[in-house]
Amino acid sequence: MGPSCPVFLSFTKLSLWWLLLTPAGGEEAKRPPPRAPGDPLSSPSPTALPQGGSHTETEDRLFKHLFRGYNRWARPVPNTSDVVIVRFGLSIAQLIDVDEKNQMMTTNVWLKQEWSDYKLRWNPADFGNITSLRVPSEMIWIPDIVLYNNADGEFAVTHMTKAHLFSTGTVHWVPPAIYKSSCSIDVTFFPFDQQNCKMKFGSWTYDKAKIDLEQMEQTVDLKDYWESGEWAIVNATGTYNSKKYDCCAEIYPDVTYAFIIRRLPLFYTINLIIPCLLISCLTVLVFYLPSNCGEKITLCISVLLSLTVFLLLITEIIPSTSLVIPLIGEYLLFTMIFVTLSIVITVFVLNVHHRSPSTHTMPHWVRGTLLGCVPRWLLMNRPPPPLELCHPLHLKLSPSYHWLESNVDAEEREVVVEEEDRWACAGHVAPSVGTLCSHGHLHSGASGPKAEALLQEGELLLSPHMQKALEGVHYIADHLRSEDADSSVKEDWKYVAMVIDRIFLWLFIIVCFLGTIGLFLPPFLAGMI
């Protein structure tokens, strides 16, 4: 008989199994002869078993009895048309990570599987009342349940733990596994987001006519779940599905578990949201700083630089995806535009603040709106001008006769009186003497009836020195009036700058408030806060 003969090969395999399973000693003579591969399984006669054997020997005999001629590659059904019903359940031990960038969820789970194998039945009374036995899973038939939406790593179970056999033929197998499943991450409401990640389990090669799945429980077992510091499992339910794929004509069953997980936002609130709100508040305070303060533009630039550095630091925190813009990303972009606009507006306000009549002319609409109605709407009350500015300068410097009389030099006054008397006798006015009326008008060289009329009206005749002095006084008065007018216009420009600052102060407060509400309101309405 050649080595290629099937009978010889079968005999060789049985001999090897017998040598491996037979303990040392002379037990071979007490064992029943090996069965042929085609013989049906039958329990040995109780009379052939030693009655006083130990539990270890009994378990050893049971092991040999079960796997004598057992084929682990064939489905455990009496007829090929029968269906193996696999009861499937899932228990999660830990939610390890949710990778937003690579769109996958890493979990540590236990796959609970249970089916019936008619070839692994025995009568407990024949084997010392042993009702269950634990055997290596590599020695029995196991369903090829895999994770359909696997993203990285092994699709099937890699750690082949032992299976638990029962005398009724029921096989219970709970292997642990670490899976990286694909998950469509939606970071629209980050960091107040809620994700729906699914895990789809099913047989890879057997269709529904060969293996059918049945759920042990409708929900995922969370009894042994270790709480995550970043995510909380809101709900985890399983559904049974049957689907026909394009590759095959058969229908394949699967059990899909949907994990509703919610991100815990405390870390991002402390390290992301609150700093953004504080930077926005600093931007608002820029418009409350007086324009004559030299640190106004410095504060704007400092806020912008701090925001830029802050954005560089949090690039690793924000999910790096281009599918959608996270809500916090929109808020950061809004804050950046907010600060940039504040710098532009501050430069414009400083330009308005330092305007003068020599460089700019204030338009009438600016004077009517920004100096008239707008301050009243903003509840701004401009203080009235000082009291001395309300009276013209020439009223205080009125060159009346009595005023001049009290200030003219006594010697000069005597000379003037002598000249008046001397020329009055002749009926003339002194030619070298001018006159000053009580209204401040200077007349020089008046004579004849006109001079007499002027004297009757109370005019004072002045010398050339007094004439020059009064001209100087008038020049100074005109110059002071011009300076007062220029100063008034400058103050108007400064007040216009203050009004513009106040307008943007309220505008930025409203925009900052609405932006903050826009950050928290959508996830609040969606029930994520």
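Cβ atoms are placed via backbone N, Cα and C, with glycine included.
Look at Swiss-Prot and you will find 1-26 tagged as signal peptide, backed by sequence analysis.
Residues annotated as topological domain 'Extracellular' in Swiss-Prot: 27-264. On the 0 to 100 pLDDT scale, the topological domain 'Extracellular' (27-264) averages 86 in this prediction.
The region 'Disordered' annotation in Swiss-Prot covers 27-56.
Residues annotated as N-linked glycosylation site in Swiss-Prot, with sequence analysis given as evidence: Asn79 (among others). Sequence-distant neighbours of Asn79 (N-linked glycosylation site): no residue of the same chain at least 6 apart has a C-beta under 8 Å from its C-beta.
Residues or ranges marked as N-linked glycosylation site in Swiss-Prot (evidence: sequence analysis): Asn129 (among others). Cβ environment of Asn129 (N-linked glycosylation site): no same-chain residue six or more positions apart lies under 8 Å away.
In the three-state DSSP reading, Cys183 (disulfide bond) counts as coil. For Cys183 (disulfide bond), the count of additional Cβ atoms within 10 Å of its Cβ stands at 23 [all protein chains shown]. Look at Swiss-Prot and you will find Cys183-Cys197 (among others) tagged as disulfide bond.
Reduced to three states, the DSSP call for Asn235 (N-linked glycosylation site) is strand. Cβ neighbours of Asn235 (N-linked glycosylation site) (same chain, under 8 Å, six or more residues apart in sequence): Thr219, Ala258, Phe259, Ile260. Here Swiss-Prot flags Asn235 (among others) as N-linked glycosylation site.
In the three-state DSSP scheme, Cys248 (disulfide bond) falls into the coil class. Summarising the annotation, Swiss-Prot assigns disulfide bond to Cys247-Cys248 (among others) and lists similarity to another entry as the type of evidence.
Annotation source Swiss-Prot lists transmembrane segment at 265-289 (among others), citing sequence analysis.
Sequence annotations record features per position, and here Swiss-Prot assigns transmembrane segment to 297-315 (among others) based on sequence analysis.
Sequence-distant neighbours of the transmembrane segment (331-352) (same chain, 6+ residues past either end, Cβ-Cβ under 8 Å): 273, 276, 279-280, 283, 286-287, 291, 296-297, 300-301, 303-304, 307, 311, 314, 325, 493, 496-497, 500-501, 504, 508, 511-512, 515, 518-519. Taken from Swiss-Prot, the feature transmembrane segment covers 331-352 (among others).
Per Swiss-Prot, the feature topological domain 'Cytoplasmic' maps to 353-502.
The transmembrane segment annotation in Swiss-Prot covers 503-521 (among others) and is backed by sequence analysis.
If one looks beyond the transmembrane segment (297-315) by at least 6 residues along the same chain, the residues whose Cβ comes under 8 Å of a Cβ in the stretch are 271-272, 275-276, 279, 282-283, 285-286, 289, 332, 335-336, 339-340, 342-343, 346-347, 350. Listed by sequence, the residues of this chain that lie at least six past the ends of the transmembrane segment (503-521) yet keep a Cβ under 8 A from its Cβ atoms are 192, 273, 277, 280-281, 283-284, 287-288, 327-328, 331, 334-335, 338, 342, 345, 349, 374, 378, 529.
Same-chain neighbours of the transmembrane segment (265-289): 190-192, 230, 295-296, 299-300, 303, 306-307, 310, 314, 317, 328, 331-332, 335, 338-339, 342, 345-346, 501-502, 504-505, 508-509, 512, 515-516, 519, 529, counting only residues six or more beyond its ends whose CB sits under 8 Å from a CB of the stretch. Taking a C-beta cut-off of under 8 Å and a sequence gap of six or more, Cys197 (disulfide bond) has these contacts in its own chain: Val98, Met105, Ser181, Cys183, Ala258, Phe259, Ile261.
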